[in-house]
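J.: Please read through the structure below; I'll follow up with questions.
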Amino acid sequence: MALRFPRFSQGLAQDPTTRRIWFGIATAHDFESHDDITEERLYQNIFASHFGQLAIIFLWTSGNLFHVAWQGNFEAWVQDPLHVRPIAHAIWDPHFGQPAVEAFTRGGALGPVNIAYSGVYQWWYTIGLRTNGDLYNGALFLLFISAISLIAGWLHLQPKWKPSVSWFKNAESRLNHHLSGLFGVSSLAWTGHLVHVAIPGSRGEYVRWNNFLDVLPHPQGLGPLFTGQWNLYAQNPDSSSHLFGNSQGAGTAILTLLGGFHPQTQSLWLTDIAHHHLAIAFIFLIAGHMYRTNFGIGHSIKNLLEAHIPPGGRLGRGHKGLYDTINNSIHFQLGLALASLGVITSLVAQHMYSLPAYAFIAQDFTTQAALYTHHQYIAGFIMTGAFAHGAIFFIRDYNPEQNEDNVLARMLDHKEAIISHLSWASLFLGFHTLGLYVHNDVMLAFGTPEKQILIEPIFAQWIQSAHGKTSYGFDVLLSSTNGPAFNAGRSIWLPGWLNAINENSNSLFLTIGPGDFLVHHAIALGLHTTTLILVKGALDARGSKLMPDKKDFGYSFPCDGPGRGGTCDISAWDAFYLAVFWMLNTIGWVTFYWHWKHITLWQGNVSQFNESSTYLMGWLRDYLWLNSSQLINGYNPFGMNSLSVWAWMFLFGHLVWATGFMFLISWRGYWQELIETLAWAHERTPLANLIRWRDKPVALSIVQARLVGLAHFSVGYIFTYAAFLIASTSGKFG
């Protein structure tokens, strides 16, 4: 008999039912569970797959460049970034009638096109690209890098080039190379690109390979570097009347500390950005020389950890045993990496709009909204993944003997206290926030809006004032003109920063009031509840009060009836599954808040947000209902318009989302009976019964159905909001 799918598990391959297919897909990437796996092969497979991942990323970015160069309007956009709409790619659709062709032919294109809301035009423009030829060159280069990555992945699967386990577990060498090589050298290289290509480009000078060695990035060349007069590189910066991409008002400085934004582009000064990357490079190049490898100098991480024993023995044996625990657990390492990456992705969402780095992106409102929402959702999925792999670590890799009385064991010892405190915080936030909102709703409904409970966020306003925002009247730190903090920065970055923070045309430290106070606490409720579910899932992964022996049941055991007191909703997977719903809800509140506040700011009617955001009906009526009118008008009796695709996606998103409930609120027996009936009918229907299948059809398991339901819920939720966000923003601001 030929080998059946899945080849990596002979046990599953023998399964006579359709379970074989679903379980095979589910465990395809769980290398640890495959037949004949060894620790060495596990590490080698993961390592090789990283190169495949890189190849896909480079191919994808190459495709972005290629399609914009081929079908976009980059050169026209460069001439007038504020009024030309950037084109992502052409649309070829045989179903388009004349009205659709007319609706989607825009941005100076000859046929139907998609508008780009990703910010790539602004990014490419800022870093010095100017022509379609530049874009094609970039696409070809990335295609080449993609091919190199694929070859490297294949190479590292060949016996001669397979690294050993000891190589993968050499933590110090890996840290040194990643810190110095990945962050240090790449930041230094990026500084070089900004100084040699992007900054001259912003001043109207076109630097390419043919004149790269002839154009001095700074009139004095490397002289100031070698004579120690580094301040010369900061002298004569671009003036406030500088036109980006033009020599008019341009200076000669390359590394500055101006603070604030370029008045025309509303983005950070390019010379400040170059300075920042140089500083990052310097720090990481040093950091990558700190750990002990073959040369016998520097820190040994194991020694560092074992020296960490708090005084008075208040944390037991401190960090003893942690080095081997972490170094021998891929799931622990992945959990740490995902947690870090999740936080950084959320920070990217925050900083892309509050401190925009790319020229003119701040004036492209739809792109700002899309990028913020995109990065917050990505961050949510990555962060929940961190806890999932933390739970798998406890089940598969945690050894109580190795970690006796250290900080990890003590976390498990007092998990009840951690979980109950989180529970209390979530309940407190939930009841109080909902109570305030509902009280305000009732007051509005009874026509007495003056009886609302409106709380000024004075602590947050004080923090904003400390950073230099003067409108609240707190005379503190940077908003006080006679303090030491103010005087220290007065000659360098402070004037630019204070100008930016007190100007109303950007998103830096937005003015906040009672509506912000309430939604902030609603978001805090979501964050704490999501964290509660995730933390409980990880800390109870090996055993809980109800079921102290979860280790041999694994990560995703299903509901198993009341025999052992019931195992429903107590596997680590169940906690992850529930947490994702909370994560999506929380990010829903975050993005609603961000978007509503910003559209009222951009439209100049910020009082609408301030007045309507203090009660739930305000959110439902003045944000969701009011802004979905464009969507509902994508198709109307007069034909269609360019929002019709978003109107369709809005409907389709709701459909996918609602389909999720068919899998979530259901009984397995019902589906099994339905399947048996369908199979019976099929076998007795002429013609149809010529088609046979080898596997007996069985209903999805409880865990599988939940996964399918969760996937539909998530995808539908995100599709629906993406369509709403893009249509309502682009419908208002063109």
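Cβ atoms are placed via backbone N, Cα and C, with glycine included.
Straight out of Swiss-Prot:
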TRANSMEM  46-69  transmembrane segment
TRANSMEM  135-158  transmembrane segment
TRANSMEM  175-199  transmembrane segment
TRANSMEM  273-291  transmembrane segment
TRANSMEM  330-353  transmembrane segment
TRANSMEM  369-395  transmembrane segment
TRANSMEM  417-439  transmembrane segment
TRANSMEM  517-535  transmembrane segment
BINDING   Cys559, Cys568  [4Fe-4S] cluster binding site
TRANSMEM  575-596  transmembrane segment
TRANSMEM  643-665  transmembrane segment
BINDING   His654  chlorophyll a B1 binding site
BINDING   Met662, Tyr670  chlorophyll a B3 binding site
BINDING   Trp671  phylloquinone binding site
TRANSMEM  707-727  transmembrane segment
J.: Nearest to Tyr670 (chlorophyll a B3 binding site) in three-dimensional space, by Cα, is which of the binding-site residues Cys559, Cys568, His654?
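T.: For Tyr670 (chlorophyll a B3 binding site), the closest Cα among Cys559, Cys568, His654 is found at Cys559.
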J.: Hey, what's the Cβ neighbour count for Cys568 ([4Fe-4S] cluster binding site) at 10 Å?
T.: 12
J.: For the transmembrane segment (517-535), what are the same-chain contacts with Cβ under 8 Å, counting residues 6+ beyond its ends?
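T.: Hits for the transmembrane segment (517-535): 384, 387, 418-419, 422-423, 425-426, 429-430, 432-433, 436-437, 455-457, 460, 575-576, 578-579, 582-583, 585-586, 589-590, 592-593, 613-614.
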J.: Do any residues of this chain, six or more beyond the ends of the transmembrane segment (417-439), have a C-beta under 8 angstroms from a C-beta of it, and if so which?
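T.: Counting only partners 6 or more residues beyond its ends, the transmembrane segment (417-439) has Cβ contacts under 8 Å with 411, 452-453, 455, 518, 521-522, 524-525, 528-529, 531-532, 535-536, 539, 614-616.
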J.: Round to a whole number and give the Cα-to-Cα distance in Å for the pair His654 (chlorophyll a B1 binding site) and Met662 (chlorophyll a B3 binding site).
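T.: So the Cα of Met662 (chlorophyll a B3 binding site) lies 13 Å away from that of His654 (chlorophyll a B1 binding site).
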J.: Helix, strand or coil at Cys559 ([4Fe-4S] cluster binding site), per DSSP?
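T.: In three-state terms, Cys559 ([4Fe-4S] cluster binding site) counts as coil.
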J.: Should the transmembrane segment (575-596) and the transmembrane segment (707-727) be scored as in contact, given a threshold of at least 3 Cβ pairs under 8 Å and pairs 6 or more apart?
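T.: Since 3 or more Cβ pairs under 8 Å link them, the transmembrane segment (575-596) and the transmembrane segment (707-727) do come into contact.
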J.: Do the transmembrane segment (707-727) and the transmembrane segment (369-395) come together with 3 or more C-beta pairs under 8 Å, pairs six or more apart in sequence?
T.: yes
J.: Would you pick out, from the binding-site residues Tyr670, Trp671, the residue whose Cβ has the largest number of other Cβ atoms within 10 Å?
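T.: Sorting the candidates by Cβ neighbours within 10 Å, the top entry is Trp671.
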J.: The transmembrane segment (135-158): which same-chain residues, six or more beyond its ends, come within Cβ distance under 8 Å?
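T.: Hits for the transmembrane segment (135-158): 44, 47-52, 54-56, 58-59, 61-63, 65-66, 68-69, 74, 124, 129.
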J.: What's the CA to CA span in angstrom from Met662 (chlorophyll a B3 binding site) over to Cys568 ([4Fe-4S] cluster binding site)?
T.: 19
